[in-house]
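If you check Swiss-Prot, you get these features:
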type: TRANSMEM; residues: 4-24; note: transmembrane segment
type: TRANSMEM; residues: 38-58; note: transmembrane segment
type: TRANSMEM; residues: 68-88; note: transmembrane segment
type: TRANSMEM; residues: 101-121; note: transmembrane segment
type: TRANSMEM; residues: 137-157; note: transmembrane segment
type: TRANSMEM; residues: 175-195; note: transmembrane segment
type: TRANSMEM; residues: 214-234; note: transmembrane segment
type: TRANSMEM; residues: 259-279; note: transmembrane segment
type: TRANSMEM; residues: 290-310; note: transmembrane segment
type: TRANSMEM; residues: 321-341; note: transmembrane segment
Amino acid sequence: MSNAITMGIFWHLIGAASAACFYAPFKQVKQWSWETMWSVGGIVSWLILPWAISALLLPDFWAYYGQFNLSTLLPVFLFGAMWGIGNINYGLTMRYLGMSMGIGIAIGITLIVGTLMTPIINGNFDVLIHTEGGRMTLLGVFVALIGVGIVTRAGQLKERKMGIKAEEFNLKKGLLLAVMCGIFSAGMSFAMNAAKPMHEAAAALGVDPLYVALPSYVVIMGGGALVNLGFCFIRLAKVQNLSIKADFSLARPLIISNILLSALGGLMWYLQFFFYAWGHARIPAQYDYMSWMLHMSFYVLCGGLVGLVLKEWKNAGRRPVAVLSLGCVVIIIAANIVGLGMAS
């Protein structure tokens, strides 16, 4: 396995670790509605950071975006919006299925759809079937799915042991939302694929290869911001017990604390895709769709490890922890299989 591929896998791991930890600051926010908290964090992660970093990277910000016609930008934006819909469905999936089953189904579907649909759309799915490297990476995808399934089972055992139940368990509604979440969340993978002309244009301007994907986030995350912020603002305006005015009528120290914590959560959320771009840049071009598989499987891996570090599994007993450990090992094996496939 080459150093470039090893570093690509490593950066995807770092990005996934940030994704697994980003909600921790949000949990410390007090006396704010979820909608206000999510909006403040979202403004930082989907608007301020993509624009600020792109402005630093690009020699002429407006000239860069002005060179693309609508036929290039619109698919990137719409796939970003598609991914934004997946974000919203994610929370609803957890409500109706519970954390373990919801994450397992949603992540499993988005891993398959986001990874395998891209080569199908590009017309090079035969690379997966008819080359040794392609078959190895395909095997890695399915091993990763097995790992996700094992971690999901560990979560179910933990919830059963600790008496944790879904907020409003509804299997039919939850499964529908989980499938929708999995499909729509793959929009980020599709957006990155559609944004290749933007990446190439950034490279032509002399932007470091590690950073060439970052300017496209202005458009991708703009689509996600439209959906997420629109959803939050509509609820803040229409739901009677929600009020942004009330949220900002608290004591000033608490408001400042909530803003800073939400902004920190937004920063950590953005960093997952900052390092995703670094990892993506190191993956061989013919296997770039594997970035999504690495990100999502590492997200499950890191989520389990973070839970252990935070002692969320302390009272779960030995069996759930043993099953979780097995699932994490399987995901690590899957990443190595994919790495070897990309190197062959």
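Yeah, the Cβs are placed from backbone N, Cα and C, and that goes for glycine too.
Annotation: stretch 137-157 has the most Cβ pairs under 8 Å to the transmembrane segment (321-341), among 4-24, 137-157, 175-195, 214-234, 290-310. Listed stretches 38-58, 175-195, 290-310 were compared with the transmembrane segment (4-24); the greatest number of C-beta pairs under 8 angstroms is found for 290-310. For the transmembrane segment (290-310), the list of distant contacts is 8-9, 12-13, 15-17, 19-21, 103, 107, 110-111, 114-115, 118, 137, 140-141, 144, 147-148, 151, 154, 186, 188-189, 192, 272, 276, 279-280, 283, 321, 324, 327-328, 331-332, 334-335, 338, 342: same-chain residues at least six beyond its ends, Cβ to Cβ under 8 Å. Contact check: the transmembrane segment (259-279) against the transmembrane segment (68-88) gives fewer than three Cβ pairs closer than 8 Å, residues 6 or more apart, which falls short of the contact criterion. Long-range contacts of the transmembrane segment (137-157) within the same chain: residues 99-101, 103-105, 107-108, 111-112, 115-116, 128-129, 287, 290, 293, 296-297, 300-301, 303-304, 316-317, 319-321, 323-324, 326-331, 333-338, 341-342, each at least 6 residues beyond the stretch ends and with a Cβ under 8 Å from a Cβ of the stretch.
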